[in-house]
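According to TrEMBL, the feature domain 'Major facilitator superfamily (MFS) profile' maps to 21-622. The domain 'Kazal-like' feature in TrEMBL is assigned to 431-486. The transmembrane segment feature in TrEMBL is assigned to 12-31, 51-74, 86-108, 155-180, 192-220, 240-264, 315-334, 354-374, 510-534, 546-569, 598-618.
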């Protein structure tokens, strides 16, 4: 018998294939998180475009999870029996289709018309506004049903359906990708690989936020409207950015990402065990192939057995409970963060989205990478990982309470948040919108076309400010002879709300600095926490376990959270916009004090509750035998035997060379 043969070329090809799959899956994570983040960032633009309340916006956001929910369990279980890379590729292509469908309403409906009492062009310098002069007033001879049809108010359903399709396409990526990696990765390399994937999920949002920031600064009808005639700016709550452009970009990226997956093999050999120097399949590989054949003969026979095993796993079930509570808090915070920062600190969507990407995503990316490296470098056990994740999350939770201090007051708007004398009050009272200075003007109390007086007080419209004439055009228009503006100047006003001042801008910076440390600490705990999930279930249950975990998060957090949170936010609205037919549209201004208590308080309560089951997990880890640790030790033992076998082979070769 000749000397042992080692195929270096085959070994190189296997390593290259596994590396390329990791790269392709990372790109898929980037593309799916890119489109998801872009959708979240554009929710306020979609809300204004279609004139819908925040609760409907929450339904649109939750529709992604509805699509994911339709297939997640079946894909997670049956997908392992099929060609996983091809299924991931098909999913990426379907996500691209969903993104394209979301952009369609822009091409099917007319130009966006924002509510205003002003004509958008050819404004005369002698125009008088303290009269009944409303461009959106419904023609009394027009049939109201015809008016509703002209509004094309149901076009948002295209966005809803497109997001459902996007959710269907995303279904196979995470459970099948994770299980594919777990099948070929060494136990000590798995956390690093998961960390690389999580890093991809932070690079995608970074690109998505930058794309959203750019698109939000471009007017929605840029191809057909002269922007010089506009009387609104990106900081105005009526402004709608070119949200549709980004979805076309996301569609292209997702489709391009799908191509590599159609060229990967169905399975890959385990790292470290493919270097079998005697040229034959090792016992573990044979066992794996035999098991795969048995599974094909009875594809559903173990489904209910696995479900029962997972349901009886206390750490797994407690981890699901923690995830549901944490994701309820996280989804609410992330989905409505642009809206909160806009209302709290008086910034435009473009500014807010850019700052979120600049301050929050780099520390998240760094935290995931460092977390994965720590798990690999120090070979952290599952028990230690559980403690590490718990204390890091608790530290970040306590740090987050500093955000309650970084607050600003409401915009000073006469009749909404202050009286016409400048005295602040909390609640909106309809009869306070009119005052002695503007009752003669016969103004509409519904139209939102705010102006800022030189007394530092804003008014819902130039008419309600008592202004009689204007000078200039577009955003440079100045209103004069305003009877409600009592100041030492000429009683004039300019378009838009008044700025909140430098103190509020400084508080935004402090809020973002707190967010930097919070995001880093939370993401640092992410990999150790996720390894507790992966290691507490058996290898044959892993794909189903990951899928069931995702299923519970979607049905108990991803779908209901944005809907109920959006409905609660609607209750803090001070003034609703008015659509063409007089119907209420999107909210123009919120009571920021109520909004702040809701936005910060509810997630804090949910996250606080999640530490109760987390504490029980720490207690259970003292006696719980983790299947992942057993399999890891078996793999390490097999690798040690293989190393000894290689050493013996090397010694035989050396002695033979010496004899020759």
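A Cβ is built for glycine as well, from the same backbone N, Cα and C atoms used for every other residue.
Any TrEMBL annotation is an automated prediction that lacks curation.
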### Query
Against which stretches of its own chain does the transmembrane segment (192-220) lie, if we need a Cβ under 8 Å and a gap of at least six residues from its ends?
22, 25-27, 29-38, 41-42, 45, 49, 106, 112, 177-178, 181, 185, 227, 230, 234, 239-246, 249-250, 348-351, 353-354, 356-357, 361-362, 364-365, 368-369, 371-373, 375-376, 523, 526-527, 530-531, 534
### Message
Short question: most Cβ pairs under 8 Å with the transmembrane segment (354-374), which of 12-31, 155-180, 240-264, 510-534?
### Response
510-534
### Task
Pull the DSSP breakdown for the domain 'Kazal-like' (431-486) and write it out as helix, strand, coil residue counts.
8 helix, 11 strand, 37 coil
### Query
What is the pLDDT of the domain 'Major facilitator superfamily (MFS) profile' (21-622) when averaged and given as a whole number?
82
